[in-house]
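Shown next, in structure tokens, is the structure this report addresses.
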Amino acid sequence: MTSKQKQVDYKQRFAALQQRFIGTLTTKADRLCQLAKAIAQGEQSFLAEVIADSHQLSGSCGTFGQKSLGDLASGIEQTAIALQNSEPHSDRTLQLLIELTEHFQRNVASVIDTALNTPVVKQAAEQENNLIWLLLNDALLTDDLSRQLSAFGYSIEVFTDFSACCQALDAISPALIYSAVELDATAGSVFKQTDLLKAMQEKQIPWMLYSPSDDFDLRILAARHQAQAFYVSPLDIPAMLGRITELMQLKSEQKGRVCVMDDDALLAEHYALTLQAAGIECMVLAEPRQLIQDILHFQPELILMDLHMPLYSGPELAGVIRQHDALKSLPIVYLSAERDQAQQLKAMAFGADDFMTKPIDDAQLVKVVQVRLARSRELRNLIEKDSLTGLIKHSAIKEVAQLEFERAKRSGKNVSVVMLDIDHFKSVNDKYGHAIGDVVITTLATMLQQRIRRTDKAGRYGGEEFLLVLPNCGRQDAMPMLETILESFRSIVFHAAGQDFYCTFSAGVACSDADFSDAEAMLAAADERLYQAKSLGRNRVLA
Ligand SMILES: Nc1nc2c(ncn2[C@@H]2O[C@H](COP(=O)(O)OP(=O)(O)OP(=O)(O)O)[C@@H](O)[C@H]2O)c(=O)[nH]1
């Protein structure tokens, strides 16, 4: 599906959901009126139902574009609570409750037509692209960067002045802009290009800066204009490539996985749709008793949980989640129409990390979730990722291989693993030094990370040895992918001690279709093929 089709699809799904919600309002309003009248006739037990129903409506109406109805529902809830607390029941409060429920009913009737005819415009799914715009004042550097970035599979467009770049932004959005602080003396600094800066910010295009000298004032200006990186001459190309890959991934890939639990099914669906439209994978947890299995299966990075639910409360379910070692650090954020801060804090004490008050604005929901996801990912990366390359550490990538091997056995699909080792790496270290050796390792790591699919995993297996785990991938798919990576890697020019040099790697592939007894056996087979690739002269991939 193209991104434009996706956008239309989300619009239609939001509109359909809103109509379904509005379709339930008349019954809910009628029920509130009937309950209030029954309370007036002595059926005190209905008071709890009025509180629960109006509480739910006060949380959901705003989300579906009916803020004034949400405020009215909140008024009904407060009045019903006041009535519950008055002993004996105050006649005036009871009368007020009846009037408010009738008022709510009339308002439902009057907004229904308008709401049904109001189109819902939602955030569009982002277009994925790999286009980088370069705006540099050094032709040699531009050529060098273009070549190196192309080797990483990026498309490059070069601009020589700010205004042409600004004009082009009207028609198309690149995935990243890399610009010099100054292009030439007449154009002046990029910080004076207000139209360009405004357009980049509006389109949320990641922006990296290059400066011929390190200057604190320039760094402050860059931070003020939200540049994501600032590189100073001489350019550390591998570090810069790593940052580019990171920014591109942030924009197009790791959008995160979230579970939503809310007893209001339509509201849960709305939250899920809102997050999905922003590219975040989302699963609605509908069955509390299935909660742990669903979470373990979906592997979310965050849980959004309603506080008050009829069978089990949010804190109770959070307690159950925290009983499982694997889920101890999974962030939980409560979503609730509860406005009482004391209640909110009490709920937080039961293993949750944050609290959001309903109704929640869609953009705010997406922002809060994105910030939370980024933070928890940073923490996880510290634990699981290798500090030099940013790839998964040895033990973790072995676990991935094990998990995918078992998954492949269950599903009948193939998984391939690749052992990959840089050729004659010792001589790189010996000739140019350990630091340059590190540059070669990080460059290959960046390239692997950037070239594999989202579902694939790359790990640093040893010093200059890497392990790739490729689910749903047979030998015939793995081979061309690795050949392309090898071709790109061998075309990268490294500079050290006034010389240019090139590197290659050897790789061995094993696929689960060869009927291995376990993941260890499959890894040993890939290692064996790697050894053969080395003996046959290196610079090749063997399956
Ligand atoms: N710079 C750097 N070097 C490392 C790192 N980890 C391991 N090495 C070096 O990698 C080299 C590996 O060399 P060998 O295993 O002999 O293999 P090779 O020279 O790559 O030769 P072949 O694999 O046979 O092509 C050793 O010199 C290690 O010191 C690291 O993190 N950084």
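Each residue, glycine too, has its Cβ placed from N, Cα and C.
As annotated by TrEMBL, domain 'HPt' applies to 13-111.
Among the features that TrEMBL reports, domain 'Response regulatory' is placed at 257-373. For the domain 'Response regulatory' (257-373), the DSSP counts in helix, strand and coil order read 56 helix, 23 strand, 38 coil.
The domain 'GGDEF' feature in TrEMBL is assigned to 413-543.
Every protein chain considered, the tally of other Cβ atoms within 10 Å of the Cβ of H55 (phosphohistidine) stands at 22. Classification of H55 (phosphohistidine) by DSSP places it within a helix. The phosphohistidine annotation in TrEMBL covers H55.
The 4-aspartylphosphate annotation in TrEMBL covers D306. Sequence-distant neighbours of D306 (4-aspartylphosphate): residues of the same chain at least 6 apart with a C-beta under 8 Å from its C-beta are M261, D262, D263, D264, G314, Y334, L335, S336.
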Residue distribution over DSSP helix, strand and coil in the domain 'HPt' (13-111): 88 helix, 0 strand, 11 coil
Mean per-residue pLDDT computed across the domain 'HPt' (13-111): 87
